[in-house]
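Peer 1: Quick one: this structure, given as structure tokens, is what I'll be asking you about.
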Amino acid sequence: MLPGCGKFYHGECAASHGPTVPLNRAFRCPLHACLSCFITNPTNPSVSKGQLTRCIRCPVAYHANDYCIPAGSVTLTDNNIVCPNHFTPRKGCRNHEHVNVSWCFVCSEGGSLLCCESCPAAFHRECLNIDMPEGSWYCKKKKKKKKKKKNIKAESNSLYFNYISLEEAAVRFKELQAEKELRQLQEDRQNHKKPPPYKHIKVNKPIGKVLIISADLSEIPRCNCKATDENPCGMDSECINRMLLYECHPQVCPAGERCQNQCFTKRQYCQVEIFRTLSRGWGLHCVHDIKKGGFVNEYVGEVIDEEECRARIKHAQENNIGNFYMLTLDKDRIIDAGPKGNEARFMNHSCQPNCETQKWTVNGDTRVGLFALTDIPAGTELTFNYNLECLGNGKTVCKCGASNCSGFLGVRPKNNPPSDDKGRKMKRKSQMKRKSQQEVIKEREDECFSCGDGGQVVSCKRPGCPKVYHADCLNLTKRPAGRWECPWHQCDLCGQEAASFCEMCPSSYCVEHRDGMLFISKLDGRLSCSEHDPCGPEPLEPGEIREYPPELMTTYPINFIRVHWAQIVKDWPPQSPVEKNCCQTYNVPETY
């Protein structure tokens, strides 16, 4: 429909391109919109603005700058390119060779991999549960001739494998992303864009069968504060209601009108402003200073039950709605500040927040307030930890920028190092003490735990277990797929959860079968099964159990004794209070 274009399309062909825009009885073809900007934000008005350069072989266009033109494009003129869709690798040219990763996309382990011919992906045949294909194989089960590019960014990233190193690509990508976000922020400010519409409410609104509880005056607790106190029921007072997160009632509190524990009822909120952040959408910052422990705002919205919550989440997933404002009130009720709420709905997540949520009892009902964790100067963005519970395998990337950022919402933040001088000394001392241990401990061992040889091994997926094995040593006919746990965690006799382990082989036993199956090696004090014969000065015979003092045997369980005496033998003299107590109580000499 645009004059001067002159391009014709089949209806199905035009509809197959995302940037196509239907207008009345006509349409605007994809040659008049930047594909990179459209993929980033389809609603961005700048998609069709500015100078565009077009591919001469397909209906694809980009802004004529380094931010939008994909890697691998061949520039012909200022207005014409050949996009990477038509890239043909030449034999003998190293930069044109296809590259695949050396680990499985499902289990993240190496080994014999099935590589895709159209992208860097690689998989174990066992993880996909398919037979070994003949000839070329594509992870999306599409033939190469019929393959169409659906995501220009994914293909552009794969071309970075050919042109520059991964490290340089990551640095350059972050730079371009920051510049693009800055330009987007400037455009939003120039256009005076406002936050997405919502209805502002002052108190929680129940929906459906949900009820707002209201207590009788006789049921509301009475504090011991007096009206003559300097700050009755204040932050620095000893008000029992404030300590128990109860708000005083104006008709019950002895302090009367001077009571300072009625922030929810009187809506004593801090003055805040909504602003546009650089990379996290809209946010909230304070206009004046806020003291530690101060009441910032109440989280207000529609109060719904679990059934309505599921229905709203399903509707959001079906309509590609990615922003959620739900917060759990109690086991039966949820606050949804999406359609209706107040300024608190704009507070962003942070792994190192300056605010926290607290559940207070106000007039018999539970309400959620946001309180300052530290002294917050004016102009600082207000954040709190969402403590998001992620459903499924999808994870939302965290962009808080904190030093202890976990990288994803719902993942526990990393521990921050202590900031005081004493803490730094303690940290430095502990690092020096454990330096030798960190050099030895590995996340995964290199040799098979069964035979001790290297090679192609499978690893245990149980958290904290470093053991690896040959598939042949475990009598496995194929590589185990999914969350597989090694036999070290099951009893050899009954298959139940193991409680005691041989430290020299995969033998292990449960509580019922461990007695008489393990002994302590005199060589190094480790628990061993009967298959291992230690070579100390007084070697134990296979299956022999070392004798203990009779009084010790009757006081402590046998395996408790084994564990602690093994530690004593290994690190003599005894270190822990339990070990010292054992030695002092039973007069154990150093030569024992």
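Glycine is no exception: its Cβ is also placed from the backbone N, Cα and C atoms.
What TrEMBL says about a protein is an automatic prediction, not a curated fact.
I grabbed these lines from TrEMBL:
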DOMAIN    218-268  domain 'AWS'
DOMAIN    270-387  domain 'SET'
DOMAIN    394-410  domain 'Post-SET'
REGION    413-438  region 'Disordered'
COMPBIAS  424-435  compositional bias 'Basic residues'
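Describe each of these features in terms of where it is and what it packs against.
Peer 2: Residue counts for the domain 'AWS' (218-268) by DSSP state, with H, G and I taken as helix and E and B as strand, are 13 helix, 1 strand, 37 coil.
Sequence-distant contacts of the domain 'Post-SET' (394-410) (same chain, six or more residues past either end, CB-CB distance under 8 Å): 279-280, 348-352, 383, 386-388, 416.
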Peer 1: What mean pLDDT does the predicted model reach across the domain 'SET' (270-387)?
Peer 2: 89
Peer 1: Using DSSP, tally how many residues of the domain 'SET' (270-387) sit in helix, strand and coil.
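Peer 2: Counts, helix then strand then coil: 17 helix, 52 strand, 49 coil.
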